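Enquirer: Submitted below is the structure of interest, expressed as structure tokens.
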Ligand SMILES: Nc1nc2c(ncn2[C@@H]2O[C@H](COP(=O)(O)OP(=O)(O)OP(=O)(O)O)[C@@H](O)[C@H]2O)c(=O)[nH]1
Ligand SMILES: [Mg+2]
């Protein structure tokens with residue numbers, strides 16, 4: 001087996017930030033996801049980041065000693081470092097210095113499977129590197145012509161060359177990406193034209209978005225379409241997947257699974273993934289999935305809300321899905337809940353055992369100033385009916401109920417209805433088939449010539 005690298009983690013706790021411990025634990029998980037072992041951690045309370053050394057110089061000297069003593073391969077900082085900070089730190093600590101952004105970029109690079117995700121990650125990486133070429137430039141400058149010379153030193157020339165090469169590569173990759181993106185945009189346009197509502201799963205990484213997608217497929221589309229990848233790790237999903245969900249009453253919507261968010265998500269990455277995340281900004285409804293068993297869930301909700309804002313998706317209606325309730329403190333796996341879960345047939349708050357949950361939900365709504373929320377366990381299939389009901393309330397609100405009389409020779413209209421509407425009843429009469437159905441407004445416009453009792 002390959003030997004794993006050993007690292008020392010460094011954090012700055014700014015103004016007693018209550019999220020600090022969690023954020024360091026997350027850094028450890030990010031390192032772990034890159035096959036790096038954390039040997040030790042050092043942090044310092046500060047009121048602001050030191051512009052030259054991230055922490056105070058004295059602390060960095062201590063870190064340098066410690067790094068030698070325990071023999072680490074690299075030192076990892078919990079925030080994105082400026083190019084000059086990296087340079088100063090590497091000189092002082094005398095070992096490899098990386099930051100949180102590099103870890104996230106590396107994980108994305110490892111996990112990217114589709115061409116589009118790969119291009120996006122590579123662009124983000126190159127953009128991160130571009131300003132950081134300066135460090136090597138100075139070293140090269142020193143070697144080359146030396147400082148103060150009028151003519152450019154060979155080092156400086158080489159730097160310019162390197163930089164231009166990078167810039168060229170970035171623009172070539174961007175062109176390639178645009179091509180792929182325009183293909184997907186066409187698909188989206190088609191969907192828009194067909195007015196199929198789009199519901200997007202969003203939320204912090206590892207909250208359970210992909211699991212919810214798979215449960216929905218299990219319930220409503222058992223053999224038709226491919227499942228998505230779900231796993232207990234950071235950034236399991238890096239590409240957007242869209243699946244059609246057709247409910248038993250024939251109403252259908254598209255469900256989109258997306259990349260998870262994380263605190264301090266590198267800006268370049270958000271920018272590079274903008275095209276993937278456009279799907280989110282164009283959704284009709286968002287399901288904000290929350291890992292309710294994580295003690296830090298409120299902070300994670302905030303991060304998600306901020307990221308949505310950055311993506312211009314903060315005006316879209318949201319259903320909050322508090323997931324992993326089976327792991328949450330105080331949850332009791334009582335028999336009723338379990339049986340509800342197995343067949344997915346739970347009804348909204350139908351029995352006394354649910355009263356606690358309802359109260360919890362009301363408390364959450366009040367505390368977080370939110371309205372639409374559900375408590376679920378995707379893994380145990382608890383509360384999925386409540387989630388579906390909430391989705392239906394939002395996306396099918398403008399459905400129209402109508403009664404139609406369709407002459408027998410218009411069989412094509414009946415099959416159109418079968419595909420596009422939810423049929424509540426049908427009766428065969430002398431003058432045709434009488435159908436009571438619910439359909440989209442756009443379909444109503446097409447169908448109203450057959451209306452038997454207008455204004456039903
Ligand atoms: N106990 C429990 N585990 C769950 C539940 N929902 C999801 N999980 C687990 O949580 C882990 C992460 O689930 P995913 O669905 O991959 O999470 P995600 O939000 O898609 O994560 P990213 O793709 O990384 O953003 C998996 O191991 C799931 O089995 C739940 O309701 N209860
Ligand atoms: Mg996922």
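Glycine is no exception: its Cβ is also placed from the backbone N, Cα and C atoms.
The feature GTP binding site is assigned by TrEMBL to 203-210, 257-260, 323-326, 377-379. Annotation source TrEMBL lists Mg(2+) binding site at 210, 237. If you look up TrEMBL, you'll see 156-183 marked as coiled coil. Under the heading domain 'Hflx-type G', TrEMBL lists 197-399.
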Enquirer: Compared by Cα position, which of the binding-site residues 203, 209, 258, 323, 379 is the closest one to residue 237 (Mg(2+) binding site)?
Expert: 258
Enquirer: May I ask which of the binding-site residues 209, 210, 237, 323, 379 have a CB within less than 6 Å of any atom of ligand 2, listed in sequence order?
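Expert: Checking each Cβ against ligand 2, the ones under 6 Å are 209, 210, 237.
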Enquirer: Cβ distance under 8 Å to residue 379 (GTP binding site), same chain, sequence separation 6 or more: which residues?
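Expert: In sequence order, the residues whose Cβ lies under 8 Å from that of residue 379 (GTP binding site) (at least 6 apart) are 208, 211, 324, 326.
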Enquirer: Rounded to a whole number, how many Å is the Cα of residue 210 (Mg(2+) binding site) away from the Cα of residue 258 (GTP binding site)?
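Expert: If we compare the Cα positions of residue 210 (Mg(2+) binding site) and residue 258 (GTP binding site), the gap is 8 Å.
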Enquirer: If I restrict to non-local contacts, at least six residues apart, and a C-beta distance under 8 angstroms, what lies near residue 203 (GTP binding site) in its own chain?
Expert: 209, 260, 261, 288, 289, 290, 291, 300, 304
Enquirer: What average pLDDT is reported by the model for the coiled coil (156-183)?
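Expert: Computed over the coiled coil (156-183), the mean pLDDT is 88 on the 0 to 100 scale.
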Enquirer: Which residues, sitting 6 or more apart from residue 206 (GTP binding site) on the same chain, put a CB under 8 Å from its CB?
Expert: 232, 233, 234, 236, 260, 291
Enquirer: Measure from each Cβ of the binding-site residues 237, 258, 323, 326 to the atoms of ligand 1 and list the residues where some distance is under 6 Å.
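Expert: With ligand 1 as the reference and 6 Å as the Cβ limit, the list reads 237, 323, 326.
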Enquirer: Write out the long-range same-chain contacts of residue 323 (GTP binding site), meaning residues 6 or more apart in sequence whose Cβ is under 8 Å from its Cβ.
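Expert: Listed in sequence order, they are 207, 208, 211, 212, 289, 290, 291, 292, 376, 377, 378.
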Enquirer: Within 10 Å of each Cβ, count the other Cβ atoms, then let me know which of the binding-site residues 237, 258 comes out lowest.
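Expert: With the binding-site residues 237, 258, fewest surrounding Cβ atoms within 10 Å: 237.
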